[in-house]
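Structure, as structure tokens:
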There are 2 protein chains.
Amino acid sequence: MTEALNPIEWKNDALVLLDQTKLPNDIVYEEFTTAESVWDAIVTMKVRGAPAIGVAAAYGVYLGVRDYKADLDQAALVNEVQKTAAYLATSRPTAVNLFWALDRMTAVTATDASYQDALLAEAKAIHKEDEEINRTIGENLLTLLSDGIGILTHCNAGSLATSKYGTATAPMYLAKEKGWNFKVYADETRPRLQGSTLTALELSRAGIDVTVITDSMAAMVMSQGKVQAVIVGCDRVAANGDTANKIGTLSVSILAKHYGIPFYVAAPTPTIDLNTATGAGIPIEERHKSEVIEGFGKLTAPADVKVYNPAFDVTPAEHITAIITEKGIVRAPYTENLKLLMRDTI
Amino acid sequence: MTEALNPIEWKNDALVLLDQTKLPNDIVYEEFTTAESVWDAIVTMKVRGAPAIGVAAAYGVYLGVRDYKADLDQAALVNEVQKTAAYLATSRPTAVNLFWALDRMTAVTATDASYQDALLAEAKAIHKEDEEINRTIGENLLTLLSDGIGILTHCNAGSLATSKYGTATAPMYLAKEKGWNFKVYADETRPRLQGSTLTALELSRAGIDVTVITDSMAAMVMSQGKVQAVIVGCDRVAANGDTANKIGTLSVSILAKHYGIPFYVAAPTPTIDLNTATGAGIPIEERHKSEVIEGFGKLTAPADVKVYNPAFDVTPAEHITAIITEKGIVRAPYTENLKLLMRDTI
């Protein structure tokens, strides 16, 4: 067994991230000790995946204020926490876990221990909850699958996007533990290639049968009867079930609908945002054109050509067979059922 | 105006090809004087696009036998032509234009001029017919479009795939000549990126408003109402209208159907193959995994990972709004109407 990849760890009073931009070729861990460097790691996608971004940002808030210990009074420190959280919130707009984690951090109050110790404890709690959530999502998802099937996934909602197990990949790891014989098709996921660089890496290291395809091949493998379930992660689920996830997910959902294949969204409850009514209200990040035309080590289009590069798209709720959370499986009507689920959660 | 790119030319007793693997960065013309080098140019995709492959192969047959002039009697020479054609037919399996052009070359008989002169004349005739076909396809397609629209295209069925105008791009060049204001979205077309390296290059050089997107973004731009027509080329149309084209075309056809957008196939009649009953009978080339995971100047997946890399897929006839040929516009029922069209053609 090859050494496990740990995307995010708190170690020696520092946040240690596996630099995901260097995978699959180089396994490089980097230490972060300031809020600014954490902000930069999120923007440049050294850390990515909605849950991992939330966890990293939580540690980032603590790192941003821990040096103030001696200098500031409690009120001034609270102000610094707010400022740091507001700053980290500007790193990426779409995944709601970021804002959810920052809200938890700004809600921390001083205890018997120092305020900073409480902040660090909260960041660690968020981190630990994420691990527990994933296994439960995996167990819930596994009840919808069976031995011998083909599963298609898009992007990486794996152990590299979260903590152990991942979300969309959690049932794959559990199926492997049960000795199931199944195949995974991993869309390479342009432009950043999280499917080939990350999902294919982590699944093949775990001995899972994974085949990389370009995003454009998903329809063909579905038409050949090779796919019995699509499982994806998500960056934000609106109150009506509309789901933002990596660009290309909408396309996969339409293909799955066309071929009558169930389309499952793995969603930790921190990714469900009842304050956003529909997908139309989810801000979609647009990233630089260089990701599309300069990623191949050379220009792959005329330098001055127009490029459209949205990082996410929104899959309408009606394309989604079920949303699988750690609290249970949610089906349509989503508006009612998500509200019920979150009432139990909060 | 920048200098025109000429993908294929007969010049100084040699076949001159624009090396399309070096675009958009380097414009390199290479001379070919043997059948073997033409075979290699087709396999390595220095020349690509169904019509251009057919034209190149036709010249390849001539190049393969012209040096036999003094040595062989007529019957032996005919035998050499057959052998050369059979050899060139092994270069790529899917585009039927290749076999159509080779059939025309092997059907050549000696005239008053020498046999070889007749072969060269036939290759030149195939080349010239291709140019004429494209303009007419463009005029026919233009009747289905209107000023102000957005057009999505996949891969390159442009002037680089054929001769002047291209097939799928022909109406775009004609619309530009008419002063229409329209936008083109070019899928980058993984894994070989013909959309960004070729289509975006030739359209932007012609001053046409073109935006590169990844294949995975087609659904999003359609969902935003930006696309009023999809136009693609093709590598082989079966007797029932099922159409093989670049991998990813099937996906685009399903998305277009979902959003109610007309899906047009630009098809020179040499691409229509009444001898293949349905799409199931079209051989689909699979290419090397390196195209998917080594195209970025570094490995983008674990080296030993499984990769599926079909170069084409088949779009069922029922997804196709119309097939536009130089002889007219064909609509369902395709089996009847393609037969009628081809009866007039042959």
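Backbone N, Cα and C atoms are what each Cβ position is placed from, and that goes for glycine too.
As recorded in TrEMBL:
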BINDING   B:R48, B:G49, B:A50, B:R92, B:Q194, B:N245, B:K246  substrate binding site
SITE      B:C155  site 'Transition state stabilizer'
ACT_SITE  B:D235  active site, proton donor
B:Q194 (substrate binding site) - helix vs strand vs coil (DSSP): helix
Densest Cβ neighbourhood among B:R48, B:R92, B:K246 (binding-site residues), 10 Å radius: B:K246
Pairwise C-alpha maximum, in angstrom, for the residues (B:R48, B:G49, B:A50, B:R92, B:Q194, B:N245, B:K246) that bind substrate according to the record: 17
Euclidean distance between Cα atoms of B:Q194 (substrate binding site) and B:C155 (site 'Transition state stabilizer'), Å: 5
Recorded positions (B:A50, B:C155), the one with most neighbouring Cβ atoms at 10 Å: B:C155
Under 8 Å by Cβ from B:G49 (substrate binding site), counting only residues of that chain that are 6 or more apart: B:P7, B:N156, B:A157, B:G158, B:L160, B:A161, B:T162, B:G233
Substrate site shell beyond B:R48, B:G49, B:A50, B:R92, B:Q194, B:N245, B:K246, criterion: Cβ within 8 Å of Cβ centroid: B:I53, B:A95, B:C155, B:N156, B:A157, B:A161, B:G233, B:D235, B:A311, B:F312
Cα-to-Cα gap, B:Q194 (substrate binding site) vs the residue listed as 'active site, proton donor', nearest whole Å: 15
Set of same-chain residues at least 6 away whose C-beta sits under 8 angstroms from the residue listed as 'active site, proton donor': B:A50, B:T94, B:A95, B:V96, B:N97, B:A244, B:N245, B:K246, B:T271, B:F312
All-chain count of other Cβ atoms within 10 Å of B:Q194 (substrate binding site): 28
